[in-house]
Amino acid sequence: MRIDAISIGKNPPEDVNVIVEVPVGGHPIKYEMDKEAGTLVVDRFLYTPMTYPGNYGFVPHTLSDDGDPIDVLICNTRPLVPGCVINVRPIGVMMMEDNSGQDEKIIAVPSAHLTKRYDKVHDYTDLPEITLKQIEHFFEHYKDLEPGKWVKIFGWKDASMAKQLIREAVERAKTKK
């Protein structure tokens, strides 16, 4: 896969593409895209017997403060094939930090042309409370049994903050080229 050939989206940050690395409900394995080789590699086996609460990946042509493309958790119920590209709408961001530093997670839903299921979801607060608790619980605990690793959740921010973080990550990626 040539990641550089994949568009950031039709109308960023309102509408962005995500390259999926880990499917919802998949085995407790963390995959990451090798950005230079364009191939999916096993990053690590999760020590906790937990599965991702959504499809997980990144927005191409972005760069977060942690040096990786911006992370996205897609709220949907169908597992996507790792390596595929899906068009999404950002609806919020979970603010968190781990042993490597700031590591925010953009929360998104599939774009309306893919499904009408999320038409009324414009902000993370439109999701069921249990969905938000499951996302928080997963990220608070998925590294629990890994020596020297930790995670702290600082709360949630709205869709406008998610879009601002995406804009900043796009600009950061442009200046790093």
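Including glycine, each Cβ sits where the backbone N, Cα and C put it.
Y142 (substrate binding site) carries neither a helix nor a strand DSSP state and counts as coil. All protein chains included, Y142 (substrate binding site) registers 20 other Cβ atoms within 10 Å of its own Cβ. The feature substrate binding site is assigned by Swiss-Prot to K30, R44, Y56, Y142.
The Mg(2+) 1 binding site annotation in Swiss-Prot covers D66, D71, D103, and the record cites sequence analysis as its basis. Within its own chain, D103 (Mg(2+) 1 binding site) has S64, D66, D71, M96, E97, V151 as residues 6 or more apart in sequence whose C-beta sits under 8 angstroms from its own. In the three-state DSSP scheme, D103 (Mg(2+) 1 binding site) is classed as coil.
Here Swiss-Prot flags D71 as Mg(2+) 2 binding site. According to DSSP, D71 (Mg(2+) 1 binding site) is assigned to a strand segment.
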Residue with minimal Cβ packing [other Cβ atoms within 10 Å] among the binding-site residues K30, R44: R44
Residue, out of the binding-site residues D66, D71, whose Cβ gathers the largest set of other Cβ atoms within 10 Å: D71
Substrate binding residues K30, R44, Y56, Y142: largest Cα-Cα distance, in Å and rounded to whole number: 15
Proximal but sequence-remote residues of the same chain as Y56 (substrate binding site) (Cβ under 8 Å, at least 6 apart): V20, E21, V22, V24, D71, V72, L73, I74
DSSP-derived class (H/G/I helix, E/B strand, else coil) of D66 (Mg(2+) 1 binding site): coil
Coarse DSSP state, helix versus strand versus coil, of Y56 (substrate binding site): strand
